[in-house]
């Protein structure tokens, strides 16, 4: 016997009976006395009827209040028999309405197929029949028609039901929200797009992407879709299936003619953001061009995304194009957008463009961030615009930014590039007095370059010891001090620095050994030179430098020794080394001939 389950609310209980034609017996009396409202559903929908009209219809209800049977139409009942209807008996209890605060239990409405009327007549005294499942027939083209969980709704106002879906979605009560959504579909009711978007968002938060697709298809079929709906689906696709699935969905949706009015700037912004995560600047450019070709005007967010995306991907020219188009269209660039432009231009050496944006920001009362200021100062310094670099430094301080190690390193490098090494040392001393906490290895190394250029080996040693007291010195730092000693012809001190370097467990590199070999050659420290060559890994540059130094200092025998050793190690001397060896060999033969 067919049994339909009861959907329970705290306020309403609905019992579902399936009956045959209206002209059947009077067995509804006891049930009708305890109910107030009834509804009948035929194949075209559900209608509600009053108690008095229900008694006039007088259907047969077979079984208890928990069971009912539908008699299918048959030729034996006559050709003019009314179509079968489903009788819904709704029992009003103490309260009306639905529970806003909690999750409803899932209800399942099963409809069964029954034997033809011939078999029913042969078994008219039996109350139970063997059912088989058959699809619901309330709506032919609904996307969720095969889902089992539905409510037998007494309320049919679309706005009220949409508000219920909206409230449940906001509370992440997705099961109950879906039940309302499916029930509205069965009744042919259309939820508002606001409710659909809220439901999609809630489903995405809970990882129910398959259900999202079903709700999305309903909104698209009913043509109530908006740009926000597409944006939600793009974000959900990217999270669930990856970038390429989202891009494919975007291209397919964009190509549909009906979607042109729904594809607003919000949809394009969402897709640009997704591409930005994966550094797909080519797709971003294509989306930008397509957006303009379709006449969709970008907004401030669009241009901010374009600029920041192109800057992140290293496409400075495209970033500048987007920035100038933004200004041309009357949008005020955000501070972050202008900071990104300054940094990008500075990185590419376009100091004039970076300076123009910087001046525009300051004139309009905007505050470039510290990163943009540092990038501008560094770009100006590399371009040799020392005066402009220090002017930007003064503006940065007036904006309330505290200079950091990057700022000082950029200014010291600018002074060194301008061959103002002594000024660099003086500026470093001012930094030491006030900003000791901002110094790092790069700042120390930059000022050590000034010392090496000036040959101030004693000042270089002082800075090295200060550096070791606060930081861990690196190989480049020791190399610069040794270079300063080499320039000052303090060859033995250079060897002492090398020994200290090894004691500090700092590994020498090729540049370390090259400086030491030159020091030993010009200081006639041949024994130390041999020890260095024996210690270092065989390298063609080291042997070339050593042999050339020996030749220039007249140590022909020693030069021949290491020249032969060089060949034995499989190292090929360069042209200068071969020329010196030939020259010294000829001179030696001439002396012997005399």
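Glycine residues also receive a Cβ, built from the backbone N, Cα and C atoms like all the rest.
Listed features, source TrEMBL:
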| type | residues | note |
| --- | --- | --- |
| REPEAT | 192-226 | repeat 'PPR' |
| REPEAT | 264-298 | repeat 'PPR' |
| REPEAT | 299-333 | repeat 'PPR' |
| REPEAT | 334-368 | repeat 'PPR' |
| REPEAT | 369-403 | repeat 'PPR' |
| REPEAT | 404-438 | repeat 'PPR' |
| REPEAT | 440-470 | repeat 'PPR' |
| REPEAT | 539-573 | repeat 'PPR' |
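Sorting the repeat 'PPR' (404-438) by DSSP state (H, G, I as helix; E, B as strand; all else coil) yields 30 helix, 0 strand, 5 coil. Across the repeat 'PPR' (264-298), the prediction's mean pLDDT works out to 95. Residues 227-228, 230-231, 234-235, 238, 243, 246-247, 250, 254, 305-306, 308-310, 312-313, 315, 318, 322, 329 of the same chain sit 6 or more residues outside the repeat 'PPR' (264-298) yet have a Cβ under 8 Å from a Cβ within it. In terms of DSSP secondary structure, the repeat 'PPR' (264-298) contains 26 helix, 0 strand, 9 coil. For the repeat 'PPR' (334-368), the list of distant contacts is 300, 303-304, 307-308, 310-311, 316, 319-320, 323, 326, 375-376, 378-380, 382-383, 385, 388, 392, 395-396, 399-400: same-chain residues at least six beyond its ends, Cβ to Cβ under 8 Å.
Residue counts for the repeat 'PPR' (539-573) under DSSP, helix first, then strand, then coil, are 26 helix, 0 strand, 9 coil.
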